[in-house]
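A quick write-up on the structure given underneath.
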Amino acid sequence: MICVFLLFVISFLSSQPVIAQSTRQTYIVHVNLPADQVPGESQDLETWYRSFLPEVTATSEGPSRIRHAYRNVITGFAAKLSPEEVKEMEKKEGFLHARPERMYALKTTHSPNFLGLYQNLGPWPESNYGKGVIIGVFDTGITPGHPSFDDEGIPPPPARWKGKCELKGTACNNKLIGARNFAGDDPGPPIDHDGHGTHTASTAAGNFVSGANLFGQANGVASGMSPLAHLAIYKVCSEDGCFESDSMAAFDAAIEDGVDLLSISIGGISVPFYEDGIALGAFAAMENGILVSCSADNDGPNYSTLENEAPWILTVGASSIDRNIVATVLLGNQEEYNGQSVYQTHDFPSSLLPLINAGSEGNKTAELCTPGSLNDIDVKGKVVLCLRGGNVARIAKGQTVKDAGGAAMILMNDKPDAYDTLADPHVLPAAHVSYADGVKIREYINSTSNPKATILFKGTVIGDKTAPMVASYSSRGPSRASPLILKPDIIGPGSSILAAWPKPVYNTTNVKATFNMISGTSMSCPHLSGIAGLIKSVHPDWSPAMIKSAIMTSATQTNLNNSLILDQRHLPADIFATGAGHVNPSRALDPGLVYDIKTRDYISYLCYMYTENQVAIIVNRKINCGGSKYKGVPGPQLNYPSFAIQLGHRSQTYPRTVTNVGDAKSSYYVQIENVPGVDVTVEPKVLAFTKVNQKKTYTVSFSRQDFTANGSYVQGSIAWISAKHIVRIPISVHLVL
């Protein structure tokens with residue numbers, strides 16, 4: 001029997017003439033090796049890997065050039081190679097494939113309450129606050145000693161935990177049970193020097209902290225979604241970025257350590273799954289019963305901008321919550337426009353100040369308030385209107401205004417971001433307003449020779465009925481890597497999220513805080529990871545696919561105003577923005593029915609998409625796609641809790657199988673939401689169950705009614721409804737010739 005090994009190679013040592021170090025880069029190499037030649041022990045395994053290096057370097061530089069020797073996610077190692085060295089390695093018996101590694105990028109007081117999570121009431125006590133669950137986090141490290149990682153009320157980790165703590169002294173405890181550093185370019189303990197990792201970890205599973213706030217705003221009790229769960233930290237990112245080989249080493253360790261869930265708020269551009277280290281690691285994790293939750297990326301609102309799209313990954317988009325930190329722009333004509341800013345000062349003058357549009361002379365660089373662009377413009381003592389975008393951070397625009405002597409900033413959205421405003425910790429008085437309001441402010445400036453404005457700070461306001469609204473930055477589907485799997489899977493809170501931070505956040509009032517407010521799908525991902533932890537606590541025997549199904553089929557499609565969830569334009573958000581909808585923790589704990597997917601089902605799906613060698617790279621073993629066990633099936637055939645199909649003249653029929661996890665005796669009837677131009681038929685129309693864990697299969701048929709809308713996408717849903725549950729799956733249909 002032949003085994004497949006994936007080798008992460010960062011530095012291949014060749015018997016060829018020495019190549020300059022600058023020509024080397026990280027490579028990932030796959031090989032086929034006979035099973036009887038594979039050493040079992042870790043030390044022997046590394047010796048075996050070195051045998052793939054040329055003789056000279058294998059004995060001299062080999063140990064130092066091999067950074068990671070993998071055991072679980074893949075069988076292989078990481079080292080640096082030049083292109084010439086890779087070509088030499090290709091001559092080795094068993095060599096399969098080599099490619100350069102990729103670089104990944106980093107992509108809360110009120111959000112628990114917004115999601116219906118309250119102490120001593122509802123989902124939290126019902127799930128025991130996630131107690132006993134181990135959530136692993138891949139990120140920039142951790143801040144030990146932060147109150148969010150206090151272990152009050154948390155029992156010791158379960159016996160299955162085999163992880164390590166690389167922090168000094170007693171920094172690890174019953175909350176922070178493990179912390180390891182895999183960022184090879186940032187040696188030492190896995191301390192968070194950035195803040196991103198501390199923020200995401202506390203969002204997923206931070207303990208209760210009273211009096212959390214930022215500059216006195218968003219005050220309340222901060223906690224993660226699974227506040228009594230354990231945390232295992234894997235530092236895979238540094239100031240230089242997040243190297244793919246380091247992330248794969250973290251997957252390798254996390255599987256051995258015994259985590260239940262992995263929260264990963266990093267990613268890269270969409271590529272085939274066999275070239276994506278996160279997809280490879282997540283597949284191995286899934287086979288070991290670990291659900292992997294990943295951020296969808298921050299490249300919205302454009303379509304097909306997703307990452308982390310594999311069907312065994314929970315892909316998470318971002319939404320707003322109903323809390324605004326209001327900063328109101330008052331113009332000289334007495335018009336007012338509400339914006340947001342977490343910088344709330346009480347000594348900013350209420351009297352009107354001169355107002356200037358930074359781009360009034362057609363200077364696009366100045367309009368965007370890029371660093372240094374205002375140095376030749378007289379903005380001293382004035383309120384400056386800046387345009388969002390241009391690859392310049394929102395806070396950095398304020399710094400530009402401040403450095404040029406400006407008194408305050410009005411940050412107006414660009415047109416694509418529309419009404420989506422964020423509360424940021426600006427460095428000077430500021431208000432982030434919508435595009436529509438920004439246009440009105442700009443028109444006012446152009447209408448008078450003496451435009452004036454000030455900003456009125458009104459503090460934290462709860463109850464925005466447009467929430468949840470899809471964040472403009474949240475990446476959209478359809479998936480490029482797998483168009484016949486609907487992505488994202490779900491959306492959750494990601495905008496203006498308050499969570500733990502490693503160091504004080506300063507502004508001009510010199511107020512310090514150990515919490516910070518930031519936005520992104522990096523924030524929505526750990527929300528879902530923590531909610532998955534609650535489900536895992538209640539249902540410890542559920543597979544990753546069952547947990548994922550519970551989250552998706554129980555999602556809501558309406559906002560607090562009981563209207564359809566909106567996008568940043570205040571129009572109904574489409575299926576490529578919301579996926580199954582917005583997470584609903586209470587309903588996810590008791591979903592009624594779930595859609596399970598086994599490893600062999602995923603492999604059959606992969607056999608439809610890729611060659612046998614490519615499938616072997618993903619699943620880390622040789623697969624016969626033409627045999628009776630693995631028959632290639634298209635994405636819609638996978639027992640996924642959604643449909644994404646391409647429909648032409650021929651009708652299509654696909655099965656779905658549900659497992660009863662609700663009451664033993666229950667009956668569900670089907671309800672079909674109209675899919676424009678498509679006839680959707682479900683058989684049977686009633687599913688009757690007599691016991692728990694009983695399975696029932698139904699079929700869904702699709703046929704075209706309208707052949708005039710070719711190239712367009714239409715959407716709808718199928719819901720199974722009982723006396724207690726609504727189990728809904730979304731449908732996306734691409735109409736083709």
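Every residue gets a Cβ built from N, Cα and C, even glycine.
Any TrEMBL annotation is an automated prediction that lacks curation.
Here TrEMBL flags 1-20 as signal peptide. According to TrEMBL, the feature domain 'Inhibitor I9' maps to 26-106. Annotation comment: TrEMBL describes 130-559 as domain 'Peptidase S8/S53'. As annotated by TrEMBL, active site, charge relay system applies to Asp139, His196, Ser522. TrEMBL lists 365-441 with the feature domain 'PA'. According to TrEMBL, the feature domain 'Subtilisin-like protease fibronectin type-III' maps to 637-733.
All protein chains included, Ser522 (active site, charge relay system) registers 29 other Cβ atoms within 10 Å of its own Cβ. With helix defined as DSSP H, G or I and strand as E or B, the domain 'Subtilisin-like protease fibronectin type-III' (637-733) counts 1 helix, 60 strand, 36 coil. This prediction places the mean pLDDT of the domain 'Subtilisin-like protease fibronectin type-III' (637-733) at 96. Around His196 (active site, charge relay system), the same-chain residues six or more apart in sequence whose CB sits under 8 Å from its CB are Leu106, Asp139, Thr140, Cys237, Ser265, Ser522, listed in sequence order. When Cβ atoms from all protein chains are considered, those within 10 Å of Asp139 (active site, charge relay system) total 29, not counting its own.
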